[in-house]
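Here is what TrEMBL records for this protein:
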type     : residues  : note
DOMAIN   : A:19-550  : domain 'Cytochrome oxidase subunit I profile'
TRANSMEM : A:31-52   : transmembrane segment
TRANSMEM : A:72-101  : transmembrane segment
TRANSMEM : A:113-136 : transmembrane segment
TRANSMEM : A:164-186 : transmembrane segment
TRANSMEM : A:206-232 : transmembrane segment
TRANSMEM : A:274-291 : transmembrane segment
TRANSMEM : A:303-324 : transmembrane segment
TRANSMEM : A:330-354 : transmembrane segment
TRANSMEM : A:366-389 : transmembrane segment
TRANSMEM : A:401-424 : transmembrane segment
TRANSMEM : A:444-466 : transmembrane segment
TRANSMEM : A:486-510 : transmembrane segment
Amino acid sequence: MPHVAIADQTSELHDPRSFITKYIWSQDHKVIAIQYALTAIGVGLIALVLSAMMRLQLGFPDTFDFITPNAYLQFVTMHGMIMVVYLLTALLLGGFGNYLIPLMIGARDMVFPYLNMLSYWTYLLSVLILLASFFVPGGPTGAGWTLYPPQAILPGTPGVDAGIVLMLVSLAVFIIAFTMGGLNYVTTVLQARTHGMTLMRMPLSLWGIFTATVLGLLAFPALLVSAIMMALDKLIGTSFFMPAIVSLGEQLDYTGGSPILFQHLFWFFGHPEVYIVALPAFGMVSDVLAVHARKNIFGYRMMVWAIVIIGFLSFIVWAHHMYVSGMNPVFGYFFATTTLIIAVPTAIKVYNWVLTLWRGNIHLTVPMLFAIGFIFTFTHGGLTGLFLGNVVVDLPLSDTYFVVAHFHMVMGVSPIMVLFAAIYHWFPLVTGKRLHDGLGKLHFWITFLGTYAIYLPMHYLGFLGVPRRYFALGSTDFIPESAQTLNASITVSAIVVGLAQLIFIFNLIWTLRKAKPCSPNPWGAASLEWQTPNVPPRHGNWGQKLPTVYRWAYDYSVPGITSDFIPQNISEDAVIRDAETSGDVDDHSDKGSHT
Amino acid sequence: MKLAIALVILVALSLVFHFISPWWLTPIASNWGSIDDTIEITFWITGAVFVAVNLFLAYVVFRYRFQKNRRAHYEPENKKLEVWLTVITATGVCLMLAPGLVVWAKFVNPPTDAAELEVVAQQWQWGFRFPGEDQTLGKSDVRFISVTNPLGIDPKDPFAQDDIIIDNNELHLPINQAVKVWIRSKDVLHNFAVPQFRVKMDAVPGLVSSLWFTPEKIGRFDILCMELCGIAHHTMRGFVVVDSETDFQQWLSQQPTFASTQGGPVGDAVAGESLYALCSSCHGPRGEGNQALNAPRISGQSPHYLKRQLVYYKAGIRGRHPEDTYGQQMAAMAETLPDETAINDVVAYIQTLSSSTPAATLTGHRDKGQPLFVSCAACHGAQGQGRFSTSAPRLAGLQDWYLKRQLVNYQTGLRGAHAADNFGKQMTLMANMLSDEESMNNLLAYIQSL
């Protein structure tokens, strides 16, 4: 590991001195991580407000004048795109990826710090371009977050002029930002691990982030080319996705293009995107569970392989989003099979999380509450995926609220539960302070129970056949009046959950301003990021000398050891043993360390 | 402890909700009961896993909650347990996948005796075509689409001449006859879905997709567009009416063939002039309308719309609601037009009239009305000029008091509630977005300015 050798010899750390180089044009991965996280959370709050406006229309139709069908579709579209790409992807990889990778592998920083800085500012630019579309004539695009052509660029859809163009440009800029960040994360994990940090000693957070980044680097180009091709169709009249069309009575000049081609490209990105969000969440929740149950993660090797296999399989299931798209239905056999196969490694992950808790010593701290909440919501969301993945079962459910409920459980609520677990868990590392416990618990209970009250009933609207993306249902014979009651109750729950996030924001601000510093490793975590000489870690992370890693990240409650955890950088000789049982301890920790 | 109890309660509530909630698959009306069976199988398997995993989780959270003197068990791996769990999971997956693929094979291979028909989707309406006596659908292409050939059928194709054209949102089908439905779109993506039939498929411009089913219940079922297709997506509704074979044949025989819709007579304005005498008593000699007599301006109005309204009045689709007194007046007047020729003639005469734009009678804020109008413009055009392709009338130049009355009529069901008034249903869904009188006045102020 040449990089490590160089990093070790650094005799003098060049700390940034001015406010600007320290906090604005910063090249420190920790500052960049916080910049990413704050931007993502900020834009996510906008998306949260948009969802509240959608829910107001659905729950109480014809009550709010500013929600027209036009505006409604704009809310739907921007909510979806912001949440998936600009919040979840950016926060999990740009935020947590940036913060945790160098600290968990024992590096001083990312291997390309300047590129890292550029990545954030490019991301910010993409967010600004996206938000600008709210202020152009015609407003943002309302084509749905999938942006399916032809309708995304034809009249009859909201924001068909500047709105869609800004969306496509913003996506392209985002992908450039992601590529700069992503190459950096992958290179850093592969090249800059410290002495003794083998791949199979990495915490699962890193495996999740690393695999997700690889997926992103392979998947985002498909979205980039489709954005470019659609922009060309829109701006200079090419026909990549546009067949001959009569739009609102007018013959257009397009000819020969294929709308389905776009869908294949989009979902070739879009399905891995689900795992770009899910895998970091899988990884981080594993670490939170292990730390707070004082127990090693169960079946570590199986967990690593499950992440890698899921990552691979995620590239050959994309057309399960297209069972009723008009593509050749024979594809259905293949994609249903691959999709259901993914259930196996995913189920194993769920079992292993539960088995990690089994025979543990479970501290129900706030991060742990969110992590266990995640197991529940993810199990639910994963199981409903088996309906939609099985091609023929998808026929009645496709394009209904069942789909909306499913993907919100599996890639909305579940990753966000992990994000909260992660924020509550790593906050002391980042700031040196622990978030307020009582407020955290209140936040958890409202969020956990509230989201289930939103999404469980929503599946049943789907069974009923209520279509998604409808501004209003009106009177439709097969839909009973009671569906409206259900919709109203879903809206009330959604508003409550939305408002509960203010508790979280208040907690962040209150803790930063008023709370007293906590101990440097308050949860007693064994992984490397908690073992820095200063907490929060300073520029360069490790002081003069890089740490050396002797074991995996999960040596909790090792028999015969006095402490209930052994940090990764403690050598065998330095471990303090219970005097009488020291004989057979070596055995256990050897097994555990997977050298 | 609290968390363990919460998990148990959530599992229990989920089960209770499932078994007692009134919301479940709408009663099936086709041959696809096997699809419902696959849903049931999936439900039981996933339900069992859901209950088992979460109850075990609750038990673990309770049993292994933090205790000061306990130390967690140290066990990095348990190969045997992991293999067992993998095998059991894989078995469960196969139990769901296998029947799914078997039923899918049925869906992919329609029966050879299936009757064929075509569904043509456009923003935001449905059209249908039956193959006619030769049992063969004629060729079609987007470039043939015109006002008189809305489905874009090749006028030179001999197989096309006897094709039966249904240029409205209502499709009839005979019971117990398998049908293979070819699906086309003229403009953007749509989706042909009938929840009671369980199957659905996108309509994609540039290609023809298909699905098949056998209707097994007599009745009237909603067709919904289930692929986002623009601002009026939620109004893109239609109906399938499943008839007995004889009723179906009778209905079919009343529908025009493609040949008969081509080169048909257009109205004769000269003949229409004498018919218009009666109209002019209320609508005025120049079609300018008369507020005192509650008559709207009709000069400049889109001919397709005038014709459809006259047909609707005559057929009792409009102007039959007991509280719609003005509509009833007009229905009586429309009765005096004996046949379709008379309607065409009088509409042709109205096209020759011109009158000045009426003055505003309401006060509203034009600027506040503009964002509301964006949704109207999708069908009625950015200038409110009306659009043939979306079956939308001209709004610009119509009296604001008349428009207001119509909006209120749509909202209260005086207009648009008749089962056959599919366009009225669309307009009802749209009119409902106006929550109060003020916003209606603002919108009308904007339309007045066009």
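Note: Cβ is positioned from N, Cα and C throughout, glycine not excepted.
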Stretch among A:72-101, A:303-324, A:330-354, A:444-466, A:486-510 sharing the most Cβ pairs under 8 Å with the transmembrane segment (A:366-389): A:330-354
Averaged pLDDT, computed only over the residues in the domain 'Cytochrome oxidase subunit I profile' (A:19-550): 95
Contact between the transmembrane segment (A:31-52) and the transmembrane segment (A:113-136) (at least 3 Cβ pairs under 8 Å, separation 6+): yes
Paired segments the transmembrane segment (A:330-354) and the transmembrane segment (A:401-424) in contact, 3+ CB pairs under 8 A: no
Beyond the flanks of the transmembrane segment (A:303-324) by 6 or more, those residues with Cβ under 8 Å of it: 200, 204, 207-208, 211-212, 214-215, 218-219, 260, 263-264, 267-268, 270-272, 274-275, 278-279, 282-283, 286, 297, 331-332, 335-336, 338-339, 341-342, 345-346, 348-349, 352, 388-389, 391, 394-395, 398-399
